[in-house]
Amino acid sequence: MTISNRLGLHARPAARFARMASGFRSRVWLVRDGEAVDGKSILEVLTLACPKGTRLIIRASGPDAQLAVDTLCQLVTDSFGELD
Amino acid sequence: MAHPPENHRPTVLKGIGVSPGIVLGPVFHLNRDRLRYPRRRIEPAEVAPEQARFEDAVARAAANIEDLIQDLPEELREHSGILESQRLMLKDRMLYDRTLRIIEEEGVNAEWALEKALAHVRGLFRQIRDPYIRDRVEDVEYVSRQLLRLLTGQRETDIDEIDEPAIVVAHDLSPADTTRMRPDRILAFLTDVGSRTSHTAIMARSLGIPAVVGLENATGAIAPGEQVIVDGMTGEVIVGPDETMRRHFLERREKCIRQRLDFIHHSHLPAETRDGYRVKIKANIELLDEIPTVIEYGAEGIGLFRTEFLYLASRSLPSEDTLYRAYREVAERLAPYPVTIRTLDIGGDKFVSTVSLGDEINPALGLRATRLCLKEPKLFRTQLRAILRASVHGDVRILFPMISGHMEILAVKEHLEATREELRREGVPFRDDLPVGIMIEVPTAVTMADVLAREVDFFSIGTNDLIQYALAIDRVNEHVAHLYEPLHPGVLRLIRQATEAAHQAGIEVAMCGEMAGEATYVPVLLGMGLDELSMNALAIPRVKRMIRLSDQEACRRLAGDLLAASTAREVRERLADFLDQHYPGDFEAATDLYTALRAEDTAASTA
């Protein structure tokens, strides 16, 4: 996945990501350059520091892992629904 | 209300003006940093009650934020994301779970545990390179302060306590603070910290409240109740102004208000001189969030879209799709107005970490802009593909910087044609007749302008570099930077020559440097016959106004006069006289020039 919204994974997109991730029962990780953080934690997602153009891997394990990965990938692809 | 001492002398503080407007009023201190709380060890039996106390504070803070979101006025609705992310932070495991764990494992009270958890988060944010994301630590700090306040039961002064119009002074303001600021009560706000991109600055602008941030010690230097004058444009704050200063500032304020009203009324009128000479006014932008201002201030398109930020913002080179999406967005949002996209202009004083450039002794004369693109065809082609793909979504034009001669423009066009061919083969749509322009910023591009004009659809004069190269001054070199002079007659002659060559070839000529946005220079540029001026959006209303007050015939005579001058000083004097004569209501323009003349005199007498 590549972060494509202008300001990168800043507060609002990080909030959307963490909130959406929290909706799944599976554990969700966001991985960049081999560093993995808890996708359900807005602070961990923020401190992963992903400016625009960052390449990320979304990983999940648990009962709804596939759905979680698909949904979250879609969120990133859609630039978090951000128009700016 | 406390009064300043009788023999108080006015003090001037200088910060970063982030939201324009001039106001005078009493100061109200919003205490945000005086929280005191105990640090104590707790017994194992106290762990559970202490944790419960913390959980309760979090629940109450979350409810407060929830209320704020509900009560958000319509014009701030789009900022609710900030509050939403603060709400999530409250329950975030880095803050919430960690605090609970520290209470238990280290046997400390909730306030202390929270402070420890916060220190950890701060440390992580400090390592972030991206300034925009790094600044989000402000939100974490704010959330933590709310929690400490609830835990200790200490009240901070509240914005709602302000019952008469006042200027708010605080160490820092949170987005939540600013959402509660009512423009009828808050005249302005001043903070010790902050930057142009902080949420508070952005929100101040959307609320239309003047603001100065980064004052370093406004909280210490200004006493509660003291009168201050705030200029949200220049970042100047005058504490305890005397009578003269008050009068002066009130006059400026009145003028400011009148101008602003005038701007709003007239910013959408065409920029046309009294004798019917129509100039296109466009905006220079770098970031996509400048687009609303561009439209509000009456630009007829974007004359210079700098594309470097996409490269500066990422660790790796941006992909074609990333570029395409950004270009497409600008094209779509500006349609039907045109958007001129400048290809990558890095090197020299502009660096991009993802493109490795060797150290150069004299980077201003080195491998930069189009030269770099020609040396790195892959980098160049990716960008050309993205621009061509975006061209079907609006009126896109392409602009190549730093062309110094015929061979370069041929090479550039070859790449463009090859890219078109590639897209054609792939069946990717693009606009075939996309206008191609070059920036005129190297003196040889001026002397060869007649030849170059046959190769392209338009010129855009980049004054910043043209002046630098014409006068052989590296702007980054502090020893010579003061010699930089837009009104040098030699510079004016170059502008004239490029303009004439373009017009003879039947193409349009724009100017997109700083010079284009200076209202003072408007008569000169009108007189030279430029077809388009592109500038920082905020400069547009004033420049448009100058144009509407102008008479092109008179400007043409002035230009002839100035071109015959032998020194910059002579040019400035003649221009100042012209401004006095032709724009009697607008002394500011002439004053600017007189100030420059005075500065020059001082420089000469100390030399």
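Glycine is no exception: its Cβ is also placed from the backbone N, Cα and C atoms.
TrEMBL entries are annotated by machine, without manual review.
Among the features that TrEMBL reports, active site, tele-phosphohistidine intermediate is placed at B:H199. As annotated by TrEMBL, active site, proton donor applies to B:C512. The feature phosphoenolpyruvate binding site is assigned by TrEMBL to B:R306, B:R342, B:N464, B:D465, B:R475. Positions annotated as Mg(2+) binding site by TrEMBL: B:E441, B:D465. According to TrEMBL, the domain 'Phosphotransferase system enzyme I N-terminal' annotation covers B:14-136. Look at TrEMBL and you will find B:163-235 tagged as domain 'PEP-utilising enzyme mobile'. Feature annotation from TrEMBL assigns domain 'PEP-utilising enzyme C-terminal' to B:267-548.
Structure coloured by features recorded in TrEMBL.
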residue : record                           : DSSP class
B:R306  : phosphoenolpyruvate binding site : coil
B:R342  : phosphoenolpyruvate binding site : strand
B:E441  : Mg(2+) binding site              : coil
B:N464  : phosphoenolpyruvate binding site : helix
B:C512  : active site, proton donor        : coil
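The domain 'PEP-utilising enzyme C-terminal' (B:267-548) scores a mean pLDDT of 89 in the predicted structure. Secondary structure counts, DSSP: the domain 'Phosphotransferase system enzyme I N-terminal' (B:14-136) has 77 helix, 15 strand, 31 coil. Nearest neighbour of B:E441 (Mg(2+) binding site) by Cα distance, taken over the recorded positions B:N464, B:D465, B:C512: B:D465.
When the alpha carbons of the residue listed as 'active site, proton donor' and B:N464 (phosphoenolpyruvate binding site) are compared, the span between them is 9 angstrom. Sequence-distant neighbours of B:R342 (phosphoenolpyruvate binding site): residues of the same chain at least 6 apart with a C-beta under 8 Å from its C-beta are B:L304, B:F305, B:R306, B:T307, B:L399, B:F400, B:P401, B:M439.
All chains included, 18 other C-beta atoms sit within 10 angstroms of the C-beta of B:R306 (phosphoenolpyruvate binding site). Neighbour density at the Cβ, taken as the number of other Cβ atoms within 10 Å, is lowest among the binding-site residues B:E441, B:D465 for B:D465. When the recorded positions B:N464, B:C512 are compared by the number of other C-beta atoms lying within 10 angstroms of their own C-beta, B:N464 comes out lowest.
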